[in-house]
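Per TrEMBL, the features are:
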type	residues	note
DOMAIN	13-216	domain 'Succinylglutamate desuccinylase/Aspartoacylase catalytic'
BINDING	H22, E25, H128	Zn(2+) binding site
ACT_SITE	E190	active site, proton donor/acceptor
DOMAIN	231-313	domain 'AstE/AspA barrel-sandwich hybrid'
Amino acid sequence: MEVDEVVCLPRLSRVAVCGGTHGNELSGVYLVRELLKVKKGVMEKEEEQEEEEPLSVLKVLSNPRAMQQCRRYVDTDLNRCFTHIVSLSPSGLTSGTVPYEMIRSRELNAMLGPKGRSGAVDLVCDLHNTTANMGLCLIAYSDCDWICLHIFRHLQRKMPDIPMRYIHFEVSNKESYSLDSVGKHGFAMEIGPQPHGVARSTVYTAMKAGVQHMLDWVCFFNSGTLFEGESVDVFTMIKHIDYPRDSETRNITAAVHPHLQDRDFCPLHPEDPLFQTFSGETLRYKGNEPLYPFFINECAYYEKGIALSLARKRRNQL
């Protein structure tokens with residue numbers, strides 16, 4: 001009889017829970033504010049005090065200026081500032097012409113990193129909201145990170161009533177651009193739908209439960225719990241699709257088709273309705289294969305030229 005090999009991984013001693021990377025995504029903002037009110041609160045287990053090396057949970061409000069103004073960002077998207085963070089010169093970030101978020105990204109890298117170095121925190125969980133109908137998603141740069149995938153599977157078991165997916169952005173560590181890439185392991189916890197600048201109790205509660213279950217799993221892992229191999233569906237992002245636009249003004253000329261709106265992660269087949277022009281014409285998907293749309297009609301992505309993203313789904317064995 002074959003026996004699976006037991007693999008031992010280093011304990012996760014330092015975990016960062018970050019909110020407000022986008023200042024108008026309020027579930028993470030309010031959750032981290034609550035966590036900061038007490039030194040030892042509901043998100044950390046009293047049993048940890050008895051461990052030889054207790055779990056350290058850093059609670060970080062990532063973009064305080066944007067939070068104060070209830071805006072996604074002040075000068076530029078903070079969650080796109082971490083690609084070349086290790087090569088930034090401190091002297092080059094003191095000028096008044098430098099975007100605030102670039103300066104803040106260096107501060108966060110010093111706090112949680114340095115990115116790509118042994119001193120970085122073990123795990124970063126960055127909290128986000130989306131206006132798209134995506135349920136709870138973990139978004140990561142790896143489709144084989146044992147830690148992130150097992151956390152996802154744990155959340156699936158503990159929160160069976162909430163639609164949950166694991167999204168993989170196939171980007172190298174060198175080119176990774178978001179805050180969660182600073183840690184040795186990391187993911188964004190994205191929950192929606194929720195309008196930006198608005199707090200919804202159901203979404204906040206789901207995020208709070210997700211973070212609690214994530215920290216519980218870390219405690220199980222650190223205690224030496226043996227985890228069995230399982231399989232997980234992984235959605236790997238293939239491409240983005242922009243709205244149809246006027247060639248001269250670049251104004252959009254169509255909206256997401258009603259048959260597609262709010263149907264995140266439902267298969268989109270060739271010739272399915274994709275957009276409806278403002279004159280009433282239906283534009284159809286011209287791809288060669290069925291793919292899975294997500295971030296459908298995300299409010300914050302209009303400026304990025306993204307109407308939706310498309311993913312390919314496969315089963316990943318842990």
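The count begins at 1 with the first shown residue.
Including glycine, each Cβ sits where the backbone N, Cα and C put it.
Feature annotations (TrEMBL) mapped to structure.
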{"residue": "H22", "record": "Zn(2+) binding site", "CB count, 10 Å": "26"}
{"residue": "E25", "record": "Zn(2+) binding site", "CB count, 10 Å": "29"}
{"residue": "H128", "record": "Zn(2+) binding site", "CB count, 10 Å": "26"}
{"residue": "E190", "record": "active site, proton donor/acceptor", "CB count, 10 Å": "24"}
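Separating the Cα atoms of E190 (active site, proton donor/acceptor) and E25 (Zn(2+) binding site) is a whole-number distance of 10 Å. Shown for the domain 'AstE/AspA barrel-sandwich hybrid' (231-313): DSSP residue counts in helix, strand and coil, namely 3 helix, 35 strand, 45 coil. In the predicted model, residues of the domain 'AstE/AspA barrel-sandwich hybrid' (231-313) average a pLDDT of 97. Annotated Zn(2+) site H22, E25, H128; additional same-chain residues within 8 Å of its Cβ mean position, judged by their own Cβ, are G20, T21, N24, G28, R72, N79, L127, N129, T130, E190, H196.
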